[in-house]
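Novice: Could you have a look at this structure, given as structure tokens, before my questions?
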Amino acid sequence: MVKICCIGAGYVGGPTMAVIALKCPEIEVVVVDISEPRIAGWNSERLPIYEPGLDDVVRQCRGRNLSFSTDVHRHVADADIVFVSVNTPTKTCGLGAGKAADLTYWESAARMIADVSLSDKIVVEKSTVPVKTAEAIEKILAHNGRRGVRYQILSNPEFLAEGTAVRDLLSPDRVLIGGRETPEGRAAVAALRDVYARWVPGDRIITTNLWSAELSKLAANAFLAQRISSVNAISALCEATGADVAEVAHSVGKDARIGPRFLAASVGFGGSCFQKDILNLVYICECYGLPEVAGYWREVIRINDYQKCRFVNRVVSSMFNTVAGKKVAVLGFAFKKDTGDTRETPAIDVCNGLLGDKAVVSIYDPQVTGEQVARDLAMKKFDWDHPRHLQPLSATEMAKQVAVAADAYEAARDAHAVCILTEWDEFRSLDYKRMFDAMHKPAFIFDGRNVVDVAKLREIGFVVYSIGKPLDDWLKDMPAVA
Ligand code: NAI
């Protein structure tokens, strides 16, 4: 019987292992973490992350062949395959600050594996790591491991998207496994392939060398984010010319070489991965002496920052160039729908921009708590090329200027404007007439996710701005936004 242990019970480790346990009842899967609250959450009725369908999968396997534990050493020692799915955030200080991946958690996990292992292990990189990390891990294990214990390192990056994680894991576009091109390396790849082959068709399991697998994950995220920045760049031109970005994206996406997905214009991409992984790619390119390649990918992030700034500027300039003391309802704080995750959400930058202009914001999100909002808005961000007005406020200023509402109607009551920052389905069917009646006039809606029916809202009486859509006369008359 194969035993799997996964280090890191986060957005990736938890769902990935739950699906492996579901599909492989004869494999014992233990997810370990140093965070006691996280493990307690996984062992409770209220899982620590919100992900559609996940409760059901966990309920089916927990106590059967899936468990969650803080006894990291014991379970790592017992396992045949150790997945490492710890966080790899952007470094905030020292060499490469604001760009390079911080591998502190990874290194400490690797040293711990070397310390406690008494039998051979396959160590699987599940976290997204810089290309060539496997080489560093091999060295740590070789120099610190016990005599006679052998390790094979595999790269098996995860491609799930938050909000659809369970669906993506049950039916992945591909599973990627990279390993050493030696007999031992090939045997390790085959062992991991056997796990996935229980539910993933063979032609969707790709095997490569280690460096291709590591780099493919960074490249895939860079390509996805680049599509968003491309359509967002076009959205600015649409507003300037009277074209409609939805029509342009539809026409462009009909080309089979381009395809229709990931072409929705928005206030910008967020989430823990896109920005971090592109910055990491930029840093790697610089380290390998490829400044042109680094510059190319850096622009994807610049356009994303530009899009968030443009949105804030549009709000402020439309409202007579000042939002000081005006209540602005913010609908949606998570970085996308169907998740409570707020890491790098554009809502943080937009709210900080509005707060910097002295607005009073009232935030509603169906999955994000008030404590989380307060933490996010107080947080210092690494200030890589971020404009000054996106700097966070002090805790005292924030308490005066930020409120969290129980629903969209409470957020909009007595507001001058509504900003939609997450595409939650419920925002498509709100009673906007009711909101309009309770707002100051002129009442503005700034739709950062293109979820509202612009014509209907204009009929109600709103001044409406929707990213990349033809502008109201009102907005055309306002000074151009930078
Ligand atoms: P997360 O922050 O939700 O979870 C990481 C967990 O690792 C935390 O609970 C932390 O306590 C734990 N941890 C850190 N060091 C540890 C140690 N030494 N021993 C035991 N536990 C330890 O992070 P998330 O979102 O799950 O991401 C993990 C990795 O997967 C990152 O490299 C990320 O880039 C990558 N990834 C994330 C995706 C996402 O949608 N969130 C998608 C694909 C990849």
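Glycine is treated like the rest: Cβ placed from N, Cα and C.
Among the features that TrEMBL reports, active site, nucleophile is placed at CYS273. Residues or ranges marked as NAD(+) binding site in TrEMBL: 8-13, ASP33, ARG38, 86-90, 127-128, GLU162, 273-276, ARG343. Among the features that TrEMBL reports, domain 'UDP-glucose/GDP-mannose dehydrogenase C-terminal' is placed at 329-454.
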Novice: By DSSP, what is the split of the domain 'UDP-glucose/GDP-mannose dehydrogenase C-terminal' (329-454) into helix, strand and coil residues?
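Specialist: Looking at the domain 'UDP-glucose/GDP-mannose dehydrogenase C-terminal' (329-454) with DSSP, the answer is 46 helix, 19 strand, 61 coil.
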Novice: Per DSSP, to which secondary structure element type does GLN275 (NAD(+) binding site) belong, with helix, strand and coil as the options?
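Specialist: Note: GLN275 (NAD(+) binding site) is helical by DSSP.
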Novice: So which of the recorded positions GLY8, ASP33, THR90, CYS273, GLN275 sit close to ligand 1, that is, with a CB under 6 Å from an atom of it?
Specialist: GLY8, ASP33, CYS273
Novice: Out of these binding-site residues, ASN87, THR90, GLN275, which one has the fewest other C-beta atoms within 10 Å of its own C-beta?
Specialist: ASN87
Novice: According to DSSP, folded down to helix, strand and coil, what is THR90 (NAD(+) binding site)?
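Specialist: DSSP call for THR90 (NAD(+) binding site): strand.
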Novice: What is the average pLDDT across the domain 'UDP-glucose/GDP-mannose dehydrogenase C-terminal' (329-454)?
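Specialist: 89, rounded to a whole number.
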Novice: Counting across all protein chains shown, how many other Cβ atoms sit within 10 Å of the Cβ of ASP33 (NAD(+) binding site)?
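Specialist: Cβ-Cβ neighbours of ASP33 (NAD(+) binding site) within 10 Å number 24.
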